[in-house]
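Engineer: According to TrEMBL, the protein has these features:
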- 293-309: compositional bias 'Low complexity' (COMPBIAS)
- 292-347: region 'Disordered' (REGION)
- 24-43: transmembrane segment (TRANSMEM)
- 55-74: transmembrane segment (TRANSMEM)
- 94-118: transmembrane segment (TRANSMEM)
- 125-143: transmembrane segment (TRANSMEM)
- 195-212: transmembrane segment (TRANSMEM)
- 219-238: transmembrane segment (TRANSMEM)
- 250-273: transmembrane segment (TRANSMEM)
Amino acid sequence: MHVDYLANIPSPAQGVWQLGPIPLRGYALSIIAGMLVALWLTHRRYVARGGDGEMVWDAAIVAIPAGIIGGRLYHVITDYDKYFCDGCNPMNALNITAGGLGIWGAVALGGLAVWALFRYKGLKLGPFADAIAPGIILAQAIGRLGNWFNQEIYGRETDVPWALEIYYRVDANGDPAPLNGRSTGEVLATVHPTFLYELLWNVLIFVLLIWLDRRFRIGHGRLFALYVAGYTLGRFWIELMRSDAATLIFGMRVNTIVSVVVFIAAVIIFLMLPKGRESEAEVRQIRPGRLKAGSAEAAASGEGSTEVSAGEKAHGAAGGRTALKKPTAAGEPGNTTPEQPGSEDSK
């Protein structure tokens, strides 16, 4: 007797639920869940490296909106024909609830925002980039579930046992509504679940990053470069399996070309960056230029100034006392900089 141990993967009957007047979209919930997991993991890892956990929340404030804008811009630019054509409504380019966020643009613009923040604060970006790398790839894995709810990002038709069933969805009037409708139960096609392939690949890269970081104590931004290289390597072969409409350059999907270019750049950057990992003191160290700026601001507000008047110096000398104390190193008595909690690495 023949027994099928694997069956086709069903798509969700619907991707949107109504909570009164509020629509709850599976795509948005997946993205939000991924962000929360990434923030939690990044906080643990950055503190373990010696960083200030508050910087994670500061980075989130600038990175999340910048990432959403960058992701949408990349999608609209690479799929411009969906929004700027005869009969198209260009205003739909602003409707992110219908899906369409490019990870390339999200990481690029979000990363640029974080770089600007750390430069303003005078802190090293490398330790934070290495701390966030596993969180980003795990967030991407969780976010891919949103494509499952939307019945998008799938591959060619196939009859493999784990094929994904694409349902015919309609709205309340019975009109076709692939995104917002509900399934009639009719299967339109069985396809390669490329969203699932990428999800599993991302989880694999996440595990490898955690292991490599613990085993070799990688720092200076090299772990982030490994994340980029690992993700683009998987994205390349997964793009070759996809059958949805895409912008082509020289007969190739644009994301395939971008994957190759970014992979090469990531490998070169990984090889150029120094080996080893920053000490906790280096992670907390502020650029001298920023220290001077901070001292000037403090002096202007009358706080934290170490300057004394000529009369005070003379009085200190006459009384055999020293008006100025020698600065102490971090962790020694008299230093007001608190030690950051954390272990050698995340658990």
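Glycine is treated like the rest: Cβ placed from N, Cα and C.
Bear in mind that the values here come from a model prediction, so they are computed numbers and not experimental data.
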Engineer: Can you tell me which of 24-43, 55-74, 125-143, 195-212, 219-238 gets the most C-beta pairs within less than 8 Å of the transmembrane segment (94-118)?
Structural biologist: 55-74
Engineer: Of the listed stretches 55-74, 125-143, 195-212, 219-238, which one has the most C-beta pairs under 8 A with the transmembrane segment (24-43)?
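Structural biologist: Looking at each of 55-74, 125-143, 195-212, 219-238 in turn, the most contacts to the transmembrane segment (24-43) are made by 125-143.
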